[in-house]
Amino acid sequence: MHGLVVLLVCLAVGSAFAGTIGVSNADPFEREGRIVGGEDTTIRAHPYQVSLQNKKGSHFCGGSLINEDTVVTAAHCLVGKKIAKVFVRLGSTLYNEGGIVVAVRALTYNADYSSKTMENDVGILKLAEKVKETDDIRYIELATETPPTGTTAVVTGWGSKCYFWCMTLPKTLQAVYVNIVDWKTCASDEYKYGEVIYDTMVCAYEKKKDACQGDSGGPLAIGNTLVGIVSWGYACASNLLPGVYSDVPALRKWILNASQTL
């Protein structure tokens with residue numbers, strides 16, 4: 001994930017040109033994973049949520065704990081990252097304090113991930129120590145089927161609360177409820193994306209509500225089931241431009257295999 005300032009500049013450029021060159025022709029680096037319209041929540045309400053951080057404790061991406069030592073996130077969060085410089089904070093409502101911070105012993109991302117199309121945007125991290133479940137730390141299950149369009153889900157994270165002009169991240173975990181849009185519907189004329197939506201993706205939409213920069217890699221969940229991974233989108237909470245997520249059911253086999261072999 002690019003640094004927040006760099007990402008904001010890229011997103012601003014993307015927004016400025018989207019109207020003239022068309023959504024499908026925009027540079028993929030201008031549409032990184034993007035909580036707008038959300039509200040403060042607690043880690044106890046979403047105990048699977050984790051924060052990926054650098055050595056200084058700066059949050060750069062979200063993730064989901066799926067077992068005692070495995071975190072699922074987006075591939076683009078891990079590209080170029082050195083294991084020794086990545087840490088995971090678990091069990092805290094605040095990204096900058098509380099809970100526990102665990103080092104990472106290994107990480108990988110899908111070999112078929114494309115930074116151009118954002119297909120197969122999934123990766124995992126293996127923690128350096130096993131983490132037991134508590135009231136504030138829980139493993140989340142992987143969905144086996146994509147929920148029908150219109151199903152309500154929740155996306156959480158510490159990402160920017162607005163698009164472009166918010167220069168700091170909220171310290172308190174944010175949550176927003178959105179409605180699932182299957183990939184075929186998301187690629188249809190009903191929305192503005194068209195051919196840039198693929199079968200390893202799922203969308204989620206609610207007017208003036210969305211994930212935003214800093215939320216990348218975080219969970220789109222229904223109950224205790226992970227259905228999506230925050231991946232990308234044009235701007236944040238834009239009209240007829242849903243947030244785009246990696247579809248967990250479509251990528252479940254890869255996640256399980258990587259978790260067992262890494």
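Cβ atoms here come from the backbone N, Cα and C positions, even for glycine.
Residue density at HIS76 (active site, charge relay system): 26 other Cβ atoms are found within 10 A of its Cβ, drawing on all protein chains shown. Annotation source Swiss-Prot lists active site, charge relay system at HIS76 (among others), citing similarity to another entry.
According to DSSP, ASP121 (active site, charge relay system) sits in a coil region rather than a helix or strand. For ASP121 (active site, charge relay system), the Cβ neighbour count at a 10 Å cut-off comes to 31, with all displayed protein chains included. According to Swiss-Prot, the feature active site, charge relay system maps to ASP121 (among others), an assignment based on similarity to another entry.
Taken from Swiss-Prot, the feature active site, charge relay system covers SER216 (among others), and the record attributes it to similarity to another entry. Here the Cβ of SER216 (active site, charge relay system) has 29 other Cβ atoms within 10 Å, regardless of which shown protein chain they belong to.
Its Cβ taken as reference, CYS77 (disulfide bond) is surrounded by 28 other Cβ atoms within 10 Å in the chains shown. Look at Swiss-Prot and you will find CYS61-CYS77 (among others) tagged as disulfide bond, backed by sequence analysis.
In the three-state DSSP assignment, the secondary structure recorded for CYS203 (disulfide bond) is strand. Under a cutoff of 8 A between CB atoms, and with a sequence separation of 6+ in the same chain, the neighbours of CYS203 (disulfide bond) are ILE180, VAL181, ASP182, TRP183, THR185, CYS186, TYR191, TYR193, ILE197, PRO242, GLY243, VAL244, TYR245. Marked as disulfide bond by Swiss-Prot on the basis of sequence analysis: CYS186-CYS203 (among others).
According to Swiss-Prot, the disulfide bond annotation covers CYS212-CYS236 (among others), on the basis of sequence analysis.
The annotation domain 'Peptidase S1' is assigned in Swiss-Prot to 35-260.
According to Swiss-Prot, the signal peptide annotation covers 1-19, on the basis of a curator's inference.
For ASP210, the entry in Swiss-Prot reads site 'Required for specificity'.
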